[in-house]
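Peer 1: Below are the features I grabbed from TrEMBL:
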type: REGION; residues: 1-26; note: region 'Disordered'
type: COMPBIAS; residues: 15-25; note: compositional bias 'Basic and acidic residues'
type: TRANSMEM; residues: 65-83; note: transmembrane segment
type: TRANSMEM; residues: 103-122; note: transmembrane segment
type: TRANSMEM; residues: 142-163; note: transmembrane segment
type: TRANSMEM; residues: 201-220; note: transmembrane segment
type: TRANSMEM; residues: 241-263; note: transmembrane segment
type: TRANSMEM; residues: 283-301; note: transmembrane segment
type: TRANSMEM; residues: 313-333; note: transmembrane segment
type: TRANSMEM; residues: 368-386; note: transmembrane segment
type: TRANSMEM; residues: 398-421; note: transmembrane segment
type: TRANSMEM; residues: 455-480; note: transmembrane segment
type: TRANSMEM; residues: 492-512; note: transmembrane segment
type: TRANSMEM; residues: 518-541; note: transmembrane segment
type: REGION; residues: 565-600; note: region 'Disordered'
């Protein structure tokens, strides 16, 4: 093999520590420079070996995953309809034993995910872009955050925004303080922020980041199975089992939320239009919402979910500003400073508390339950996060997935929950009585004590509907992707099928009274996902370690180094002009003879 043999110019057998590829015109470009060392391959932004476009492939429908997932879903629906009591008993029994035995595991793992996300943002890996190095985000930052929020927990903030702080006021966390006092209000608000702050978003973020990196950086399908088992064939039973698991969890998680949302919308309609609170009204609500989110899902991410998320954000901000302005404004500002400061000050002890020396029952019913619930939602929310995060850097991803939602959640709970607490403690209205009638009634009870109560109640009903449509819209899209090998744009009939299934499941469980049983079942079945998430973290760290160093340095340094390399490139003989000579058809140069050469 000759020294100039192109086969030697490969990472496996480098001819020289520094290699360069050339464009068609022979110019060496910064983007095409490749540095080969014994351990790393330093590839440039436009090197397709490092940034393949396989993420845009339209995969065929995986009928095994689709049919099996559909069958398992129908089987559990039948169980919930035909024997909701047995399902509830079995699920509750398993959940109680699971939390008692593995609660400490959830505590440690959840804290670990928060630490991992923050460390990645602060490390050199934070500069890595989720896509090609020259790729820019698909969506604006505002739309991106709005879509993540609408999908991740937007509706949860509406449902629990008043109810959770109020619950903690009346039943203080861990029984540490006296109920219905300023001390219980302070402690309850800190724990509310804790439950909806960094920890749940870290659970979502780990899955979303790993999927986005694997899909848009490495060209793997947008599937959890492709992260956990990247080297196995897509038809491998282990990979399909993970995808089927994702289908099941996503379907029932979305259906449960849709059913609970229908109850809250029914409560709002009762307040505004004096409609009866009945299953008939709730079913009509579910049918309307299902039709809306199926149409939205078919419209695509750009026209459907994005528009809904932006509208949700604007309407939610409007309601938030209204409550802040017409509520106990000064009290809310003081509450924000104290509660958020308390959350930061007590973050470590709250994060590691397991109830070993008391308070275990409260922790099991709130904190551990929340961690298990968020983890069961991670496949759905993480997959959708990955879908809309193309072109973001890892640092940008972490900041906008962890920090921004935590601040927004804090503001929401302080304004909504703080107003309800103030009303309760000052005697403006009996918020405790509304809590006794149902969690879904607390928000409307608070609005009744404020000006323009009818108008705000109507706006809240609209906001709830839009949040549920956006969330179920994203769920339908994710279910379609899982059924079609991770395609970013799944077939329309798949999206319609799964969207209709979500609505049907919600109606069936509502009629059977099995919503809470299914919620518990989803959490129980989500326990194995704890192992899957650990595998996701391991795979992500392993792939990041193989990332070329040149992609983890500041852009300015990267450009300077690339220019220095390009300046040291030796001209390629094959690309240089050949001097004219006799052998090339040109006359040989002539010169005047010297005196010694002149004939006499």
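Including glycine, each Cβ sits where the backbone N, Cα and C put it.
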Peer 1: Is it true that the transmembrane segment (492-512) and the transmembrane segment (65-83) have 3 or more Cβ pairs under 8 Å, skipping pairs fewer than 6 apart in sequence?
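Peer 2: These two segments touch.
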Peer 1: What residues in the same chain, six or more past the boundaries of the transmembrane segment (201-220), come closer than 8 Å to it by Cβ-Cβ distance?
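Peer 2: Residues 50-55, 110, 113-114, 116-117, 120, 128-131, 135, 152, 226-227, 230, 371, 374-375, 377-379, 381-386, 389-392, 394, 397-398, 401-402, 405-406, 486, 533, 536-537, 539-540, 543-544.
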Peer 1: With CB pairs under 8 Å as the measure, which of the listed stretches 283-301, 313-333, 455-480 comes out on top against the transmembrane segment (398-421)?
Peer 2: 313-333
Peer 1: Going along the chain, which residues at least six beyond the ends of the transmembrane segment (283-301) come within the CB cut-off of under 8 Å?
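Peer 2: Cβ under 8 Å, 6 or more out: 147, 258-259, 261-262, 265-266, 269, 308, 387-388, 465, 468-470, 472-474, 476-477, 480, 489, 492, 495-496, 499-500, 502-503, 506-507, 510-511.
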Peer 1: Does the chain bring the transmembrane segment (518-541) near the transmembrane segment (142-163), so that three or more CB pairs sit under 8 Å (pairs 6 or more apart in sequence)?
Peer 2: no
Peer 1: Tell me, please, if the transmembrane segment (241-263) and the transmembrane segment (103-122) are in contact, taking contact as 3+ Cβ pairs under 8 Å between residues separated by 6 or more positions?
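Peer 2: As far as Cβ distances go (cut-off 8 Å, pairs 6 or more apart), the transmembrane segment (241-263) and the transmembrane segment (103-122) do not touch.
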